[in-house]
Amino acid sequence: MSRLRPLDALLAALATLAVTLPLSGLFAPAGAWVRPSVLLVVVVALVGVGLRSLATARPLVVLGQLVALVLSGALLHGRGHLLGGVLPSRETGEAIGILLGEAYTVVTTYAAPAPSERGVVVAVSLLVGLTAVVVDGLAVTYRSPAVAGIPLLAAFLASATNTSTGLAAWYVVPPALCWLALVATQGVSSLRAWGGTPTRDGRSDPAGSFGSLARGVGLVALAAAVVVPGLVPHLPTTFVADGLARGDGRGNGSGPVLLSTSIDVARDLADQSDAEVLRYRTSASEPVPLRVGLLDTYRGGRWSAADDVTFVPPDNALPGPAADGDVERTTERIEVLDSGIAVPQVALPATAVGSPFPTGTWRLTVSGVPELTSRVPEYTAEYTDLEPTPEQFGSFSDLDRSAGDLRVDPDAEDAVEALLADVVEESDADTPFEVAVAIQDRLRSTAYSYSEELAEETAAGQRSEEPLVRFLETRTGYCVQFSSAMIMAARAAGIPARMAVGYLPGTVDGDERVVIASDAHAWPELYFPRLGWTRFEPTPGARTGLAPSYTREVGPATDNALPVPTPSATSSAPTPDRPQEDVPAGDTADDVGTVDTGLADVVARSWPTVAGVAAVLVLAALTPLGAWLARRRARRRARDDAERVEAEWQSLLLGLGDVGYVPSEGATPRETSRQITRAAYLTPEEQEAFGRVVDTLERARYARPGADLPEVAEDARTVRRGAVGRRRRLDRARALLLPEEGRRHWRSLVGRRRDEG
């Protein structure tokens, strides 16, 4: 039993879970990351008990727990990327790496509570599991529970210091009690071991008195830790990760604003923010909402965006609308004078065309949403305003019944189908357009009311747990509920639909318009084959003004005829505990430093941080430096043009392999060119450059020795830039920081030194 130490293992596991309590205020919903975290901690604890029972050497116990953590984490989070469906592989690591990159983006851009997206769940659960390995190893395997307090404290502070308000005592007491119990349990056991075999003559056990004293001291110290902070002044708040803790504790702040890519339909609205987000001019008499993102997946009362691949358009231009050429249209112009929206989001009409951003500062998702790679505060764009006729919306036979945007949430299906049947029967609609307008007009009618808060119960006192069903029963809500209801009803009718998020047009200020944070808005987009994705507006006019003009000729005009209000005058921006706007916005990002802070003063006060950052930068630069040295050495050692071309070819293949473009084994240079051209979607210019490289390589290999060959370095760079530029940011970063060419250089250098020694 002394080797098993199950009580110690249990206390170590409980202490690990207890220090994660502050995370419940940082990521919502907490259940998303709690379940996998608990599972990994249990696996680590059980593996530790099992290995210790086999009298395994202590380092092997810790190693076994790490292996168990990796395998369990891969099974939990790497499904679909496992070798044989069981074992982790390189593909598993790459997939989890992408998710960890997404988690970093969430942590550094969202205010608490940030959405518990998949990347966050993976990162939190793996970090909790790793903490469990360290704590169990120190406290149980190596029997040093006092030292185990260090990783416990580090884990606690990593979450506690990222909250913008103080923590309640119940966050602190459980982990402290678990750690004290762990120390006390092993301390008493060690004390008894020092004293030899216990006596049976009735005398008191000396360890008992020491245990009582220790318990008393521990409880006094814990009580002081809870009470004293309320009696002494606090130092200024500092944060470990700026993304989560910005703001005043309610989500208010200043700086760039980021709309959430995950929206909880059940969350209420409360306070409003009047922080300016955007200032622009437009030529349109009826400005349209400005879209920043798309949400297409609804599960468990929450909308989220599917993972979307981004790429650089070959013509560096926005795609514009997908409508047929015979659809009537006008071209309008928008000139953004100052944008406070955080990268990567950018506000534009959904049908924007042309190239509004400098080359190299933006990319496009497969869904057609532009994303910035660097901040562009001013830009000008044109957009197409469509005026389709009812006939151009087509018939039900034209719709794609296999589209992925037709899923109706099972929990809300009955309520949605009841709404659809009622609407169709009342309006006698028999075309997709008529059905869509009938749904929109029903939701905009006086039967529904716009409110900043969801009604908890119906008039009869009934309450549904599914937020969309609750909205359809109470008929009270805000834009997220109205849009969700129309999207689900349209999908039930066979019309593909998704949710767009962005901002209302804002209020007039002279010849300009001003958009503030509380103008955040959500609306549905429905897909029609001849028109593409088309905007509808089911939220009542008191919030949004007029519905789109092409929908106003059908159905009752009572609500649609409302005068256009000032959108910013409507309350819709709550605190982080409740969404800041109709669409929850991430908090604002404060600027770092002030104008009057001297650089030398900053360095003097922050030299450990500066030194650490410098060390990280130096280490990060080693592998790219090795790649540069390898290329330089290969060129310098080339005895003729043929060897120089061969060196460029090998360098190009290694660079393409860094982002996953690897030719089949035994492929000739020309076959390699064809394979990579297809895989990397090279442009005609890049294909020509690749062809010149291959032609020169073949001449170098098969022409007579000493022949003059052209320089191919520039063509090789063109191919590499094009292929690498179309990969995900994480892949590009890995290729930049860990190029295979650099790793080979350092390995060969170490190998030579070892041989010489």
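For all residues, glycine too, the Cβ spot is worked out from N, Cα and C.
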TrEMBL annotation (transmembrane segment) - matching range among 10-26, 146-162, 486-502 = 146-162
Positions on the same chain near the transmembrane segment (37-55), where near means CB under 8 A and six or more residues out | 3-6, 9-10, 12-13, 16-17, 20, 61, 64-65, 68-69, 72-73, 76, 124-126, 128-129, 132-133, 136-137, 140-141
Same-chain Cβ contacts of the transmembrane segment (120-139) under 8 Å, 6 or more residues past its ends?
-> 8-9, 11-13, 15-17, 19-20, 23, 27, 32-33, 36-37, 39-41, 43-45, 48, 58, 61-62, 65-66, 69, 72-73, 76-77, 96, 99-100, 102-104, 106-107, 114, 145, 147-148, 151-152, 155, 182, 186
